[in-house]
Amino acid sequence: MALQFVPKSSNICEKSLKKFISLVGSVEKLLIVTGAGISTESGIPDYRSKNVGLYARTTQKPLYYHEFMKSIECRQSYWLRHFLSWPTTSQAAPNINHHTLANWESSEQFLWLVTQNIDGLHVKAGSDKVTELHGNWRYVKCTTCGYTETRNAYQEKLAETNPDFQHVRCKEVPNEVTEMPSNIANSFNVPTCPCCGGIMKTDVTFFGETLSTEKLNFAFEKANECGGILTLGSSLAVLPGSRLVHQAHSQNKPIFIVNIGPTCVDHLATMNEVEAEDFLNLAAAAYADSSNITARQSCIDISFPTDEFHVLMVMSAPCDKRGNQCQAFIAISDLTNQVIISFRGTNSGGQLLSEFGDGLEDYIPYTEVDGSNNTVHVGHVNVYFLDAMNQMWEDMVEPTTRNRQNYTYLITGHSLGGAMATLTAFRISFRQFSNKIKVHTFGEPRVGDIVFASYFTDMVPYSFRVVHHSDPIPHLPPLNVDNESAPGMPYHHPREIWYNDDFSSYVLCSDVNGEDWSCSDKLRFWNYGSKGAYRHTHYFNHFVSEYGSMGCKFTSQIRNTFISLFMSIFVLFYV
């Protein structure tokens, strides 16, 4: 019964869990921010989860504060719902989440807990270092004089003034969106304040009501004081909670997010290294031949073993005048509402020659159509990459996105595939097909100029460019170091994740500047050495193309002929 409001989710792999515990454990003075998701196991639904959240189970709109205050009918309906359901919901008990956080308080690592929940379960579990940002439904307060009494005491008054309703019971949780028949609600009596005759309401913040300034200021003081933030069970769609995260992030503090489903601040989270490795499997899978169904599905299943992804389409198309083929695949999980779009990287020496010889430095003005059908100039992009992406868009990507606008898109690619992934993600977001997009690319070259980089960052905030030490391809086309921010000149979009040679550590580079001189940009051509090509073809210690062709199970030896050609072209380009 208690699990009826818990949304479906994927299992967490042991490797991810261990890495997460290690990262969180390294932070001193941790501020925890909780939302409705941690109380679903106590039988209290959240608002936004698919199928089980309040908004998914009713067409009614939330009750706003001004409506409650102005309309006796609204107050009657509101208090009738609460009266009928309180005998059940008042018995809601803390679950393991609440008890664990209460026990954690004694740790020196624990700074404070800020909850957006109004159910009072943190306090009931024994938490003392807690701020209930939106109040607590276990109290009732006069909106005029501030007189306060317990919700249980007010329940007795409701029962006394409404004897005809005493034997009616409701198992639904009290909320602002459950519809009540007006002919019943209109006969329900609502006691006023015993001190001044004012309007009584639960001591919680309604939609449209101003938050307590004292509580809000205290929460932001804790955000300034903390060493990092851990959010649990919240989409952070409500402004105060997300603002706490933004404030901590602006001070370069780590952000850790645990939630079923995307949040509004996913792009601010400390980089999920296990997720990056999962995306590499998807990028590698794009190298499998179109007929190699087993290898492609194996890579997907290794990353998402319980999500029931199936490959919808594998497409190859000529992406240059020499007839070299670009390839991509799309996989769908209707169970978790996710779409994978993965683009293959450069697949042959001939294609590599085409990329370098047929326009790698040619940047053209890029106009895109937004969701309102307006044509907007969004900077300059590389003509080769744009043409390649367009080959895949009309017959493969667009039909998929039009039918799945509420899905989360996982978009990736290695090398050339990374450039195509970036342009595809941008178009999906800009045309408003979806704003739930995650991008990880590997060894991605410079796709556009600084204007495009700015547009891309705004439209696709959850995006990471993984760079393997001195991989030279992310530095092509070359940056104009004397005027790197000039429109029309090659410029990376943020955010680079710069790994060392053996992938044992990384630097989280600027989330504002695509060209961060404290990261891989500080390595010049003479620093690349003979291993530059090796580093481009190898990510997370896998030879990417061979790794994908083998089902992401092992890596074969490097192909020396392709690497030799690669290095020869790179040297010619720079000298």
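Using N, Cα and C of the backbone, Cβ positions are placed for all residues, glycine too.
The following features are taken from TrEMBL:
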type: DOMAIN; residues: 10-277; note: domain 'Deacetylase sirtuin-type'
type: ACT_SITE; residues: His134; note: active site, proton acceptor
type: BINDING; residues: Cys142, Cys145, Cys193, Cys196; note: Zn(2+) binding site
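Taking the mean position of the Cβ atoms of Cys142, Cys145, Cys193, Cys196 as the Zn(2+) site, the remaining residues of that chain whose Cβ falls within 8 Å of it are Thr143, Thr144, Gly146, Tyr147, Thr192, Pro194, Cys195, Gly197, Gly198, Met200. Take the CB of Cys196 (Zn(2+) binding site) and look out to 10 A: across all protein chains shown you find 13 other CB atoms. For the pair Cys193 (Zn(2+) binding site) and the residue listed as 'active site, proton acceptor', the Cα-Cα distance reads 22 Å.
The Cα of the residue listed as 'active site, proton acceptor' lies closest to that of Cys142, out of the binding-site residues Cys142, Cys145, Cys196. Of the listed binding-site residues, namely Cys142, Cys145, Cys193, the sparsest CB environment within 10 A is found at Cys145. The residue listed as 'active site, proton acceptor' is surrounded by 21 other CB atoms, counting those within 10 A of its CB over all protein chains shown.
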